[in-house]
Structures are given as C-alpha cells and as structure tokens.
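K.L.:
So that we are looking at the same thing, I have put the structure below in structure tokens.
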Amino acid sequence: MDTLNIAGKHYNSRLLVGTGKYKDFEQTRAAIDASGAEIITVAIRRTNIGQNAGEPSLLDYLPPEEFTYLPNTAGCYSAEDAVRTLRLARELLDGHKLVKLEVLGDPNTLYPNMLETIKAAETLIKDGFDVMVYCSDDPIIAKQLEDMGCAAVMPLASLIGSGMGILNPWNLQIIIENAKIPVLVDAGVGTASDAAIAMELGCQGVLMNTAIAAAKDPVLMAGAMKKAVEAGREAFLAGRMPRKLYSASPSSPTSGLIG
C-alpha cells in the first residue's frame, strides 16, 4: 500500500494541515475532517493545548487519539526559543516526539533562518525529538539536514502565506532526487493545482494552512486539496508522457483506413 512513512509510522493521507487562522475551533474541525488529514500542526506559542487553563483548548475539538499532533515553532526567531517551545510541547502532549521545526529570519518574509534552524535541529535530535524541518529550497542545506538525522525536510514552495505556488520546481526536484527521507512542500501553496504540482514532482506530501483557512470556503477548499494531493501522487506514480514540441505519431490508429 502506498503510504507516507515518517519516523517509523505510516499515514494514509499525504496532506498535512495547520490549525490556525480559522474563525473558530468548529470551523477548524470541519475543514480538517474535509481534508482527510491525519497529521495536524499546531503553533504552540499561539494555540492553547492546555497551557492556558480555563480557556478553550484545541484538544477538545481535535483529540490526540484521532490525530497525530505536529507541534511547531511558528513565531520563533532563534534556536533557543524553538528548542524551549518544543520542550514545552513535549510536556503538554505527554512525551510527544514528532515536531515541526521552523526558525524564522524576519517578520516580513517569514523566510527561514537556516543557521539558527541547523543549530536547533542538532539540539532537538540529540534530545530525542523526531524533527520535520521547514527549510529553504537549497539542495545542499536539505541534504545536510537529512545527514544530521532529521525525519523529513520541508522546503518552502514560496513565502509563507503568499499563495504564490511553486516558484522553483527545479530546486525541489534536486532535493527530492537526493533525499532518502520524505520531502514535503511547506509554505506558499495557494490553490489545488499547486498541491498537485508538488506531488507530481515527487514530493511525499504537502503541508498547508493559509491556503485552506484563508479561502472563501475553507471546508470546500480542504476537500479540493485532498483530491489534488491524491491526484498528484497518482500521476507521479503513473509516470507522465514525455514532453514533445510536436508528435509524429497520431493518437488514433492509422491502419485499416479506407482510401
């Protein structure tokens, strides 16, 4: 069976979704159900998963028994902040080890600071975490993160929240060809065709939040993204026909024609 394998666990869905930017937890739940996602990512610094007693908790709407939580470090600008945030998440989620690391470079672009990211990844891996890492689309950096022991690399397609789609498919393709761990596109997806293209390139999965949450109809878009990821994966496995400027062979048979 064709499944996504991350840190020794298999998942049927290759679509990973965020939990932020929805109007309320009810809409969050409805969109995630429509997406079919099994892995959901949560910003520990922005979302209550038990650290704020007396306030509504995401855990009440998306129980950890139903989903694999992927705590992330959105809003962290240093390795120290990221490590501290994920250690807190591990305490709140009873020893949970699978995490998404992102260390941002500046608040305008949210581009990853790779020096701080590598520093944090080293510490987290030594501390027993399974690290899925948000990174630039630099093939050398991606390979270094794999060699360090990261569970997955997640290069950006374009800037977080931009909806610009895949701006550099060639770098993504190099990363995919060189990798022995899952490569997932993270950031920049704007619509279903972007997700399909990522999967057609050979990505093992796609992670998104804003593309669904900021849609006019988030629940409908979540369903569209599910279909796009599935179609893109099947197209990759099927193998597309070669590109040609023109074809000398007609698509219809020529034998047996009259005259």
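In case you wondered, yes, glycine gets a Cβ from its N, Cα and C as well.
Okay, so Swiss-Prot annotates it like this:
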- K100: active site, schiff-base intermediate with DXP (ACT_SITE)
- G161, A187, G188, N209, T210: 1-deoxy-D-xylulose 5-phosphate binding site (BINDING)
K.L.:
Using the structure shown, find which entry in N209, T210 (the binding-site residues) has the sparsest Cβ neighbourhood within 10 Å.
P.N.:
T210
K.L.:
With H, G and I counted as helix, E and B as strand and the rest as coil, say where DSSP puts T210 (1-deoxy-D-xylulose 5-phosphate binding site).
P.N.:
helix
K.L.:
Taking K100 (active site, schiff-base intermediate with DXP) as the reference, which of G161, A187, G188, N209, T210 (the binding-site residues) have a CA within 10 A of its CA?
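P.N.:
So the list reads none.
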K.L.:
With an 8 Å cut-off on Cβ distance to the G161, A187, G188, N209, T210 Cβ center, who else from the chain surrounds the 1-deoxy-D-xylulose 5-phosphate site?
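P.N.:
Going along the sequence, the neighbours appear as L159, I160, S162, G163, V189, M208, A211.
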K.L.:
Listed 1-deoxy-D-xylulose 5-phosphate-binding residues G161, A187, G188, N209, T210 - what's their greatest C-alpha to C-alpha distance in Å?
P.N.:
10
K.L.:
Cβ distance under 8 Å to G188 (1-deoxy-D-xylulose 5-phosphate binding site), same chain, sequence separation 6 or more: which residues?
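P.N.:
Listed in sequence order, they are L156, A157, S158, L159, I160, S162, G163, M164, G165, I166, L167, D194.
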K.L.:
Need the DSSP three-state call for A187 (1-deoxy-D-xylulose 5-phosphate binding site) to compare against my parser.
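P.N.:
Assignment for A187 (1-deoxy-D-xylulose 5-phosphate binding site) reads coil.
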K.L.:
Other Cβ atoms within 10 Å is the metric here; tell me which of the recorded positions K100, G161, A187 scores highest.
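P.N.:
When each Cβ's neighbours within 10 Å are tallied, K100 tops the list.
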K.L.:
If you run the three-state DSSP split on G161 (1-deoxy-D-xylulose 5-phosphate binding site), which class comes out?
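P.N.:
Assignment for G161 (1-deoxy-D-xylulose 5-phosphate binding site) reads coil.
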